[in-house]
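*Asks:* Right, I'll just put the structure down here and ask away after.
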Amino acid sequence: MATATETKNLRTPIVCVMGHVDHGKTSLLDKIRGTAVVNKEAGAITQHIGATEVPLSTIRSLCGNLMSGTVVIPGLLFIDTPGHHAFTTLRSRGGALADLAVLVVDITEGFQPQTIEAIKILKQFKTPFVVAANKIDRIQGWTPTKNGPFILSYNKQPDYVKTAIETRTYELVGKLSDLGFSSDRYDRVRDFTRNVGIVPISAKTGEGIPDLLMVLIGLAQRFLEENLRMTVTGPGVGTVLEVKEERGLGFTIDTILYDGVIKVGDTVVIGGKDKPIVTKIRALLKPAPNREIRVEERFDRVPKLTAAAGVKILAPGLENAVAGSPLRVAKEDSVEAIIKDVEGELEKARIVTDETGIMVKADTLGSLEAIINELRDSGIKVAMAEVGDIARKDVVNAETLPGSLNRVILGFNVQTLVDAKDYLQTSDIKTFNNNIIYKLIEDYEKWQKEQKDLAEKKRFEEIVRPGKVRYLPNCTFRQSKPAVIGVHVMGGCIKPGVTLIKPDGSKVGIIKQIQERNENQSIASQGKEVAVSIDGPTAGRQINEGEIYYVDIPESHSKVLEFELKDTIRQDELETLMEFVAIKRKGNPFWGR
Ligand SMILES: Nc1nc2c(ncn2[C@@H]2O[C@H](COP(=O)(O)OP(=O)(O)OP(=O)(O)O)[C@@H](O)[C@H]2O)c(=O)[nH]1
């Protein structure tokens, strides 16, 4: 076992925790934050604004002799807000802010929709991740060893408990494989660049957390050394986590610094609502541990900070800052260039939309981008996309979208404002709201299918259907005005209002009424013998007993029947249609093509 050594010029990797609702993301973060308290020997855990830092020395003492190899990174910085929503909101130069992710899966429930959604996002951002198979303490028969490494606890369990863990781990391996990742329990993974490690943990007992931290360190070193070898001494670069008004302080921004150094007095450029904000840092604030919560004392003031760190920044003009946007420290001669850079980054983040499609509203640029990617994967085009609640003007804009199936607004994690709700009552725009991407897409797709089916049904009902009848011998009930004759429906059907033609293409007349045993009928299908009244001909002159007539189908309807509905119409209808089409094509081979 080699000893771990620190190398100061690599920055701390940033880690985000993701997973399905209730699988234990918050509990895991709480456990990590509480570790130092629980385990005195474990060493310090530093609380940042919006993040928790676990220094290497802490990880080392937690892992004991599990840790091997040379460690060259200073520790891990966990973003305190869990969920893939936070992950997509926090961006750095067009990518994800988090260098690594922990995907929490409840081992007793396995993969759930949001687990899959998180994996898709991680894949999209190419973020290395580890699976924390949580709640192992709930496996029947599990005897916990608090805060211990998983392997040590596992070895103490009876065989049936071991088997249960193994079986459930392999279920996760199977699911990951379906999604294109090869994986195994972390202690069996040799190459973390090829395999995803699964670490069984309990956020309740703390078991497996040392192993999880260790795997994260390993991942960071294998994947990220180049990324982490940043200009730790250069001008600071960060991402705005949150814009907050603090009592007694005014507007502040909680920021994750992921590169370089930031100092009080530095000029910074920040993404703003309309344009980049240029301002001077008045104070850098860190949480003050264990103090009375009085504003002035809630924070410690620090003169400077080095990446990676979470910090609250106090400066004039922050009220227009935008969460998720970039922050850059600028030297006097570089302000203009950096403003351009920040503008460029915001521009890049702006969503590229399709010419036609639906409207999407989401709460942040990151989530908007994530949802648009998912929609495109599902073959759904997006014509309008914006950050913000659904307002009346959005509904008005959506009304200009061509195509009835596009006249919808998909809202992700946003409200429908009152004026929009009022306007929607008289508008044909449909809105969908959800804070789970897959559900939003599923709801829209379901609606889309219903609409298509409905339209198809309507179209089908309106189409003149094929029909073939024979004028029965001895069944002339009236000669003319209208002629009333008995017919046998040989194929398809007839309805009042259709025109009949002869096999030579000449017109017979229009069916006025159909009667069966003196009762009016709206349709007579194959096999029926009915009386029909026909406007136009005189029986015995233009029409004669024993003749065959066809329903005259308009050319456009014939095309639909022959080319779109061919597989859905009955055999006798199809045969009748083909005979009818042949009559038409005798005179014009291109008829109905
Ligand atoms: N037995 C046991 N319960 C756990 C464990 N981890 C979390 N829980 C419980 O599971 C429930 C959900 O945990 P949370 O940490 O709130 O889950 P989450 O993923 O953060 O949930 P959301 O924030 O709602 O998405 C809580 O009742 C926790 O106490 C664990 O390892 N073992």
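Every residue gets a Cβ built from N, Cα and C, even glycine.
Note that TrEMBL annotation is computational and uncurated.
Just so it is clear, the model here is predicted, and its values are computed rather than measured.
Taken from TrEMBL, the feature GTP binding site covers 19-26, 80-84, 134-137. Taken from TrEMBL, the feature domain 'Tr-type G' applies to 10-225.
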*Asks:* When the Cβ positions of the binding-site residues Asp22, Lys25, Thr81, His84, Ile136 are compared with the atoms of ligand 1, which fall under 6 Å?
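*Replies:* By the Cβ criterion, which requires under 6 Å to ligand 1, the hits are Asp22, Lys25.
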*Asks:* When you measure from the Cβ of His84 (GTP binding site), how many other Cβ atoms are you left with inside 10 Å?
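*Replies:* Other Cβ atoms found within 10 Å: 26.
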*Asks:* Would you count the other C-beta atoms found within 10 angstroms of the C-beta of Lys25 (GTP binding site) for me?
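*Replies:* Excluding its own Cβ, the number within 10 Å is 25.
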*Asks:* Taking the binding-site residues one at a time (Asp22, Thr81, Ile136), which has its Cβ surrounded by the most other Cβ atoms within 10 Å?
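*Replies:* The residue with the most neighbouring Cβ atoms within 10 Å is Ile136.
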*Asks:* Can you give me the average pLDDT across the domain 'Tr-type G' (10-225), rounded to a whole number?
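*Replies:* Looking only at the domain 'Tr-type G' (10-225), pLDDT averages out to 87.
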*Asks:* Report the same-chain neighbours of Gly19 (GTP binding site): residues 6+ apart in sequence with Cβ closer than 8 Å to its Cβ, ordered by sequence.
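*Replies:* Gly19 (GTP binding site) has long-range Cβ partners Lys25, Pro82, Leu103, Val104, Val105, Gln114, Thr115, Ala118, Ala132.
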